Amino acid sequence: MDAATAPKQAWLPWSPLLFLLLLPGGSISSCPTVCDCTSQTRAVFCAHRRLDTIPGGLPLDTELLDLSGNRLWGLQRGMLSRLGQLQELDLSYNQLSTLEPGAFHGLQSLLTLRLQGNRLRIVGPGIFSGLTALTLLDLRLNQIVLFLDGAFSELGSLQQLEVGDNHLVFVAPGAFAGLAKLSTITLERCNLSTVPGLALAQLPALVALRLRELDIERLPAGALRGLGQLKELEIHHWPSLEALDPGSLVGLNLSSLAITRCNLSSVPFQALHHLSFLRILDLSQNPISAIPARRLSPLVRLQELRLSGACLTSIAAHAFHGLTAFHLLDVADNALQTLEETAFPSPDKLVTLRLSGNPLTCDCRLLWLLRLRRRLDFGTSPPACAGPQHVQGKSLREFSDILPPGHFTCKPALIRKSGPRWVIAEEGGHAVFSCSGDGDPAPTVSWMRPQGAWLGRVGRVRVLEDGTLEIRSVQLRDRGAYVCVVSNVAGNDSLRTWLEVIQVEPPNGTLSDPNITMPGIPGPFFLDSRGVAMVLAVGFLPFLTSVTLCFGLIALWSKGKGRVKHHMTFDFVAPRPSGDKNSGGNRVTAKLF
């Protein structure tokens with residue numbers, strides 16, 4: 001070893017230690033004693049350490065900092081400004097009540113900020129300044145009551161905002177201004193009484209909107225009109241929502257709509273009819289009792305319908321006709337006794353059918369389901385029979401391909417009991433026809449009027465729930481034959497009855513229409529041919545009697561005068577000519593005939 005190299009070799013073993021000592025404070029080699037650090041992931045974990053201030057000496061290249069579950073009460077401006085590489089900051093479940101404007105200044109790389117479970121009350125402008133790269137902000141479980149105008153104006157990269165479980169009562173119209181990339185927002189368990197439509201209209205890139213557990217009674221027409229890019233809308237647990245206004249979804253072009261655990265009593269067809277691109281519809285846990293025929297046909301691209309945990313008792317034939325892409329139906333946990341093949345446009349295209357939890361009657365109406373049982377996805381619980389008794393509790397998957405006699409059969413409908421086949425009623429009276437039938441499954445009763453039209457459940461002439469035909473305020477035009485038809489899936493039977501109507505004249509003897517009356521105003525006077533004949537008779541008979549009486553009196557008078565002379569003589573005095581002064585008078589004799 002020469003003198004030139006000796007000094008160099010002497011300090012080389014100490015060079016790494018010297019390098020670390022010369023690094024500025026807070027490098028990755030340092031870690032606060034109250035925290036745990038990992039150099040591989042550049043993460044610092046200081047959660048649940050009862051800290052009331054942010055510890056010093058944090059590594060400058062930290063990318064994840066977890067300070068959750070401590071006692072932090074506030075953040076001052078620039079407190080974290082040295083952590084320029086920080087990407088995720090968790091401040092959840094502290095006691096933060098104030099965030100000074102500029103508190104996050106210098107965190108230009110931060111992507112995720114979690115502030116849930118604190119005591120924040122008002123979010124105003126400037127609080128989140130400097131967070132130009134932030135994509136997720138979680139403000140749940142605070143005490144926030146107001147979002148002021150411009151509260152998030154500097155978060156131009158924000159894509160997801162969570163603000164549930166707050167005391168939120170008002171969202172200023174410009175609160176969400178500047179959130180040009182926000183794609184998802186969740187408002188849940190707040191005190192909002194209306195949907196903040198004006199504020200939401202400031203979100204041009206919003207794709208998913210979740211409105212959960214809100215005490216809002218209605219979604220007014222046009223409330224979400226400005227959200228043309230919205231694809232997913234979730235309305236969950238609005239106990240006061242009983243119906244959707246027809247125009248409540250106007251302006252939307254949704255592909256997924258969920259209105260669950262509300263109080264809808266029927267499918268809101270009028271509000272849905274324009275959603276031609278809707279693929280998924282979830283109306284589960286609503287008191288909906290029926291799906292009528294063809295009302296879903298405007299939703300031509302609908303693929304999935306979920307209506308589990310509702311009150312469904314019937315799904316009509318042709319209920320899903322017009323839905324050429326339909327492949328999933330979830331109606332588990334309802335009150336359905338059957339599901340007929342005719343409800344679907346093409347049962348073979350059905351992939352998933354959730355039907356468990358229904359009191360199914362395993363008769364001929366479910367033979368199609370038995371045929372497809374090995375191909376269909378029934379989920380974790382396949383449907384089971386609730387009746388007849390000999391198959392009660394048996395899953396559809398347990399049946400063999402060759403059925404024993406008496407399994408999955410039906411009996412055609414037959415009329416067993418009916419009232420009089422000929423009924424006579426007075427005009428303005430009341431007429432009733434009874435009709436019932438037997439069969440398996442139990443048949444339905446329908447009535448056809450004389451003109452050939454089927455009668456409904458409402459109106460002056462209506463069919464009651466028990467199949468009875470009731471005609472109130474009988475009119476002359478109600479006269480004719482009425483046909484009772486009892487039918488089920490196995491067949492039908494019919495019975496012809498007749499109604500005869502007796503016309504009743506008003507007390508004043510006129511034949512005016514008794515149906516046209518107004519209090520205090522006399523109605524118009526109309527006569528039919530019989531009335532005209534009566535009027536003519538009443539006028540002609542007195543006239544004829546008077547003329548006959550006159551001629552009779554004249555005849556009696558003439559007989560009282562004796563023999564009648566048939567000639568008479570009278571003098572005729574002609575004009576005297578000017579030249580004849582002695583001419584006398586002329587006598588003329590005329591005969592009376």
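Just so it is clear, glycine is given a Cβ too, placed from its N, Cα and C backbone atoms.
DSSP assigns C435 (disulfide bond) to a strand segment in the three-state reduction. Residues or ranges marked as disulfide bond in Swiss-Prot: C435-C484.
Taken from Swiss-Prot, the feature domain 'LRRNT' covers 30-60. The average pLDDT the prediction assigns to the domain 'LRRNT' (30-60) is 93.
Shown for the domain 'LRRCT' (358-412): DSSP residue counts in helix, strand and coil, namely 14 helix, 10 strand, 31 coil. The annotation domain 'LRRCT' is assigned in Swiss-Prot to 358-412.
Annotated N-linked glycosylation site per Swiss-Prot: N191 (among others), in sequence order. Counting every protein chain shown, the number of other Cβ atoms lying within 10 Å of the Cβ of N191 (N-linked glycosylation site) is 12. Secondary structure from DSSP puts N191 (N-linked glycosylation site) in coil.
What Swiss-Prot lists as N-linked glycosylation site is N253 (among others). Around N253 (N-linked glycosylation site), taking its Cβ as the centre, 15 other Cβ atoms fall within 10 Å, counting all chains.
Secondary structure at N263 (N-linked glycosylation site), as computed by DSSP, is coil. Feature annotation from Swiss-Prot assigns N-linked glycosylation site to N263 (among others); the stated evidence is sequence analysis.
According to Swiss-Prot, the feature N-linked glycosylation site maps to N492 (among others), an assignment based on sequence analysis. Look at N492 (N-linked glycosylation site): DSSP puts it in a strand.
The N-linked glycosylation site annotation in Swiss-Prot covers N508 (among others) and rests on sequence analysis.
Per Swiss-Prot, N-linked glycosylation site is recorded for N515 (among others).
Each residue of the repeat 'LRR 1' (61-82) gets a DSSP state, and the totals for helix, strand and coil are 0 helix, 5 strand, 17 coil. Swiss-Prot lists 61-82 with the feature repeat 'LRR 1'.
Taken from Swiss-Prot, the feature repeat 'LRR 2' covers 85-106. When Cβ-Cβ distances below 8 Å are used as the criterion, the repeat 'LRR 2' (85-106) is approached by residues 42, 47, 60-79, 112-121, 125-131, 138 of the same chain, each at least six residues removed from its ends.
Marked as repeat 'LRR 3' by Swiss-Prot: 109-130.
Only residues 6 or more beyond the boundaries of the repeat 'LRR 4' (133-154), in the same chain, are considered here, and those with a CB under 8 A from a CB of the stretch are 92, 108-127, 160-179, 191, 199. Taken from Swiss-Prot, the feature repeat 'LRR 4' covers 133-154.
The repeat 'LRR 5' annotation in Swiss-Prot covers 157-178.
Beyond the ends of the repeat 'LRR 6' (181-202), by six or more residues, the same chain brings 145, 147, 156-169, 171-175, 208-216, 219-220, 222-227, 236 to within a C-beta distance below 8 angstroms of the stretch. As annotated by Swiss-Prot, repeat 'LRR 6' applies to 181-202.
Broken down by DSSP into helix, strand and coil, the repeat 'LRR 7' (210-231) contains 0 helix, 3 strand, 19 coil. The repeat 'LRR 7' annotation in Swiss-Prot covers 210-231.
Here the CA atom of N253 (N-linked glycosylation site) lies 49 Å from the CA atom of C435 (disulfide bond). When the C-alpha distances from N191 (N-linked glycosylation site) to the recorded positions N253, N263, C484, N492 are tabulated, the minimum falls on N263.
Packing against the repeat 'LRR 8' (253-274) from elsewhere in the chain are residues 228, 230-247, 280-291, 295-296, 298-299: each is 6 or more residues past its ends and has a CB under 8 Å from a CB in it.
Sequence-distant neighbours of the repeat 'LRR 11' (325-346) (same chain, 6+ residues past either end, Cβ-Cβ under 8 Å): 279, 284, 300-319, 352-361, 363, 365-366, 368-369, 379, 381, 386, 441, 489. Outside the repeat 'LRR 9' (277-298) by six or more residues, the chain places 253-267, 269, 304-323, 325, 330 with a CB less than 8 A from a CB of the stretch.
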